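Per TrEMBL, region 'Disordered' is recorded for 1-25, 31-50. Among the features that TrEMBL reports, compositional bias 'Basic residues' is placed at 31-43. Among the features that TrEMBL reports, domain 'C2' is placed at 35-158. Residues annotated as domain 'EF-hand' in TrEMBL: 185-220, 221-256. Taken from TrEMBL, the feature active site, schiff-base intermediate with substrate covers S598. Residues or ranges marked as pyruvic acid (Ser) by TrEMBL: S598.
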Amino acid sequence: MGHGSSREAPEEEAQLGNRSSRLSRMKQKLHNYRDRHHLRRSSRSGASTFQHKHLSSADDFAGIALLTLISAEMRFKDKWLASVSFGEQTFRTDVSDQTDKPIWNSEKKLLLERNGPHVARISVVETNRLSKNNLVGFCEVDLLEFLTRDAEFDSEVFELLDPSSSGSAVGKIRLSCSIEDPIETEKSFARRILSVVDCNEDGQLSFSEFSILVQAFGNQVATNKKEELFKAADKNGDGVVSLDELAELLAFQQENEPLLNCCPVCGEGLEVSDKLNTVIHLSLCFDEGTGNQIMTGGFLTDKQASYGWMFKLSEWAHFASYDVGLRSGSYASHILVFDRRTKRLVEELIDGKIVLSMRAIYQSKVGLRLMDKGAKEILQSISEKQGKKMNSVESAKDIPKFVEFFKDQINLAEVKYPVEHFKTFNEFFIRELKPDARPIDSMECDDVAVSAADSRLMAFKSLQDGQRFWIKGRKFSIQGLLGDKKHSDTFLDGTLIIFRLAPQDYHRYHFPVSGTIDQFIHIPGSLYTVNPIAVNSTYCNVFTENKRVVSIISTRDFGKVAFVAIGATMVGSITFLRKEGDHVKKGDEFGYFSFGGSTVICVFEKDAIQIDEDLLANSARSLETLVSVGMRLGIATKKKE
């Protein structure tokens, strides 16, 4: 169940059997919830639907989870806050008193969908600092597993892992999580609505109070027939509308003739055609609690939630800007990416000074002129000198600082050798992982392509899509990328997949497909940064001007595949471990980049691959997807001999 549970793990076979039975019981419980909801609705409308924009069927709906962060036990006294990152949302508690045993009792309702996010990251931060808050410990909890466990108590204790040291615990946190009956969700929303317009606070709505409510919804059609609606709601004819009667009216009307056209909290349109009851959406937005403190929302990542007053000040002064998509990569100092494994947003760390310098060079005509007047040669010289430095014995002292800076983004438990094994910084940078650290999806199926690198991925059905959503260079073309007309013609209108490696990533790249290496094409060039700030620049063409090596792979299932390894600033060395004529298997190691971040681009022939929909959907939002080696990319759509 995620990371850090303090329970002793049972034997594997018993665990699988127990989990299967628990899931069966949970499915039955959710089925009963839906049956009760259906019986209640069918007597009025003859149909029952759950409405939500992101669901493909009612079976996708798992339930509403009420997650509560109860308390923690830490190793030292301080003022503490905790945050929950789930999907593209993050919520935080208030700050505790000065203590080593903070108590929050903070809760949040989260929508669980079977095909949606179900892993919540809990972060605990010390806040007794003037400049910034500090992440002390975290755990990841699979809420679906939490809800299906066999346990005597509703709450459970999880170990908080030290982000700076793999596997060591810095404290414990107690959580509880339960499923809320959709009928009770409707009642809680109705109770909240009723409390707003119940002037005499008698728990019921008179006709005048009901009229105020309908007018507040802003629906002119409903306003014109409020007497009819009032009579329909007043089931027992006592002249007032009770809590249960209002709940039934809101649920019934939202499915048939909505009173609300959009959510008054988030502004999202509420469509009758959606498949999850919109009252559940409204309840989640209003977020009525049960007497406990409600967590504060409005954050995208746990890092943003931990900033406190410094974040608010920087937002007010326009020093920083948080957004999802292209804007966050091109103009702000915060790059947000979507973690495919946990289905949540994470923040990529970049030094603010570096961001300012990259903006000055790559996002202005002045910077472009500097490039034309010798800056390219300067970048080359810097990269060569830095490469020599990182291969020196003295550079090993920089490894601990590097690990500390990226403490929650480098998992040392996956690394093949301990940190002390590496004699230079570059040895650590091109570190190998343990054999089972990166499982390969559908290993025996060569018609399934997999991720070539631990990276931030963008996928596009065509070059035109790539230029529309991500690559802004004016002269970018397949021929310019591959540098060979013969091969370029093969890949015209082909599918483009971009793997961007950041400095903290595992820097060995692997084969995305099985086949035979036909040819290597070495193309000299510049060493621009591959950061989105440069990629999104209209003033230079990073991918077609940088030093790169193109390898052509012949496959049975995908036809020809072009694998382009691109150098970048401080990446003077692209090393291949295979040669022309080698037959390779997907997931096999292909080579590595020395110090710096860099990029791999795979180009498939037109209509040769069907990319997984989640990767295309994120890319269409100009949002990179964080992937690992071996994750599925898509499936072949045509076969060639």
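Positions of Cβ are set from backbone N, Cα and C atoms, glycine also.
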Mean predicted confidence [pLDDT] for the domain 'EF-hand' (185-220): 74
Secondary structure content of the domain 'EF-hand' (185-220), with strand meaning DSSP E or B: 24 helix, 1 strand, 11 coil
Neighbour count (Cβ, 10 Å) for S598 (active site, schiff-base intermediate with substrate): 31
